[in-house]
Amino acid sequence: MASNRLSVVDYVILVILLLSSAIIGVIFGFFKSSKNSAKEFLLANGDMGALPTGLSILVSFLSAVTLLGTPSEVYMFGTMYFYEGIALMIASLVTALVFMPKFREMQCTSVYEYLDQRFDRTVRLCVSFSFSLIMLIYMAIVLYGPALALSQTAGLNIWLCVISIGVICTFYSSVGGMRAVIWADVLQAIVMAIGLLAVIIQGLISLGGFKRTFSIASRGGRIEFDSVSIDPRTRHTVWSLLIGGSINALATYGFNQAQVQRYKCIRSTRGAKQALFINAVGSALIVFASGFIGVILYAYYADCDPYTNKKLGEIDEILPYFVMEVLSNKKGLPGVFLACIFSGSLSTISSGLNSLAGVLIDDVYKRLLGRQLTDQRQGVICKIVSVLLGVLVILLTYVVSYLGSILNATLSLFGVFEGPIMGVFVLGFFFPQANRRGALVGFCLSLALEFWIFLGAQITKNQMKNVRLPLSIANCSDMTNSTLANWTTSTLVPTFLKRNPLIDLYSVSYMWYTPIAVATVIIVGIIVSYLTHPLQPHEIDRKLIISVSDLCCCFLPKRWCGWFRCDADDERDTNEIEMMTHDTSSSDHTTPTASTFDKKFKLVIKSNMVAPAPIVVSSSIPVAN
């Protein structure tokens, strides 16, 4: 561990950040909130602007996991991970153009209500439970990240850090609701940007500039952007990062309740698109900045790796170790960095608590138990549930402390759970024939397959090929004989173990977990659906489907859509209905005929369905004498 410790100024900065977050909760919980309702607590009454919401989307899932995990990833495996920034941009743009408008059309609190309308309640509840489980685990991992950083670099008790962050976060998210969460995220986004810039600038100063930094990293094999292997076992390639990374990020941006909930907080669909465009640029910049810090770390420790030299317990500790070694003589800068790590955790946990409370109330309490609540009462219950969830997350932190590498563990677990969740939505949106049995069987088999691969990878990881790039301790002045012996043994002596016959399956890169899960749901879902009566066009609401023409129109100017016949039928039918209504209303108060109602009814049905269902005119329709 680094011998330096935080100064009083550093502690003051940390306290100011925590108190500021708490004050935001108080302001929006007691002074700025016009009513204590579920819509205000979960959706900020639907009147937020694009900029603050875009920054909130940005920091929600690019948190302490990214800030600690990405530099260590580049330090150990090179700069291929930079492509993840492009993948995040692709996922954010696809979400803005394809899925976000669909979800905003639905007047519901939980995104998983779509699955109820498209399939049935069982599918909805299975997916909701899976989301709840992954969010609890994810929040615990994010809470553990900064606690680890503080305990290893500043000597503070790790559980004191966990409780401090957890309590503050639970307080302002429970008291102030989504509005407080979003504005606290804005503050934390600014702090994160300042922290990253401080580390980059001071690191370059210590190394002598860009040229020397990249020269050292290049000699160490860290600068790499051309890995195009098609072997799915290769940890990072152009394909695994651009394809697998984009699908992985799309599962979060497009189908995660915490993100979809934010889209609905904005006044308009156009504003929601702007927020996602802000997120696309910002998320890429954060990944690039964090990755560049990893290059700086390697250049600084090229000849004396603290991880190999037993100065660190886990490789994810290398960034705070560097900060305390390089920035400790400049009072306040270590505090700014640690406030940056704190901010990442606070933003993610607060978002998770708010969204998870909404899902549990809407999907479990109201839907499963059949309880009806007024909007006011639901708002109060959401606050209570948020507090209970905050306590549970703090307790779960003890479990995730044994998961190892933060970034790898988080992305792997996200692939295990969010991959099948995304698969069910894709099956529902793009395959009209898919029925509820296909969705349920596909989801369950996909989840089982992902668990099998994940657990197999954890059990057999000692048999997998070690692909990390070489590290050196040749110039470590404090290196002991035992350290040198262990380094030499681990580097030069191969380990002979009985090879597991499924090792190739377990060795698949974690970047492919989500694509495998989505493909499994689609393939199994379609097969089962065709074996158990596939849905006919007239059996499904067109609003629940995204057609190929609709998909094309998402990426084209509106004036071009007519060339692809996008919405042409809808517009013609709508115009015809309006003309008929005008003709009827302008007549001399004559009673409409049954044929007129019949025709209008058919047109309304056609405008809302994939294909018109057989029309039966009700006997209650008035008929002219």
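Including glycine, each Cβ sits where the backbone N, Cα and C put it.
Automated prediction, rather than curation, is the source of TrEMBL annotations.
Annotation comment: TrEMBL describes 12-31 (among others) as transmembrane segment. Listed as Cβ neighbours of the transmembrane segment (12-31) (distance under 8 Å, sequence separation of 6 or more from its ends, same chain) are residues 164-165, 168-169, 171-177, 179-180, 183-184, 187-188, 191, 332, 335-336, 338-339, 342-343, 346.
What TrEMBL records for 51-69 (among others) is transmembrane segment.
Per TrEMBL, transmembrane segment is recorded for 81-101 (among others). Within the chain carrying the transmembrane segment (81-101), a Cβ under 8 angstroms from the stretch's Cβ atoms is held by residues 62, 70, 73-74, 225, 236, 238, 241-242, 244-250, 252-255, 259-260, 263, 269, 272-273, 276-277, 279-281, 283-288, 291, 294, 425, 429, 546, 551, 554-555, all 6 or more beyond its ends.
If you look up TrEMBL, you'll see 122-144 (among others) marked as transmembrane segment.
Annotation source TrEMBL lists transmembrane segment at 156-175 (among others). Nonlocal intrachain contacts for the transmembrane segment (156-175), taken as residues 6+ away from its ends with a CB within less than 8 angstroms of a stretch CB, comprise 18, 21-22, 24-26, 29-30, 143-144, 146-148, 150, 181, 184, 342, 345-346, 349-351, 353-354, 383, 386-387, 389-391, 393-394, 397, 401.
With a threshold of 8 Å between CB atoms, the same-chain residues lying at least 6 positions outside the transmembrane segment (182-205) that come near it are 17, 20-21, 24-25, 28, 44, 48, 52-53, 55-56, 58-60, 67, 172, 176, 213, 262, 265, 282, 286, 289-290, 292-293, 296-297, 300, 319, 322-323, 326-327, 330, 333, 336-337, 339-341, 343-344, 346-347, 350-351. The feature transmembrane segment is assigned by TrEMBL to 182-205 (among others).
Look at TrEMBL and you will find 237-255 (among others) tagged as transmembrane segment.
What TrEMBL lists as transmembrane segment is 276-301 (among others).
Positions annotated as transmembrane segment by TrEMBL: 380-400 (among others).
Residues annotated as transmembrane segment in TrEMBL: 406-431 (among others).
Annotated transmembrane segment per TrEMBL: 438-459 (among others), in sequence order.
The transmembrane segment annotation in TrEMBL covers 510-532 (among others).
Where the transmembrane segment (237-255) meets the stretches 51-69, 122-144, 276-301, 438-459, 510-532, the count of C-beta pairs under 8 angstroms peaks at 510-532. The highest tally of CB pairs under 8 A with the transmembrane segment (122-144), across 276-301, 380-400, 438-459, is held by 380-400. Looking at which of 51-69, 380-400, 438-459 has the most CB pairs under 8 Å to the transmembrane segment (276-301), the answer is the stretch 51-69.
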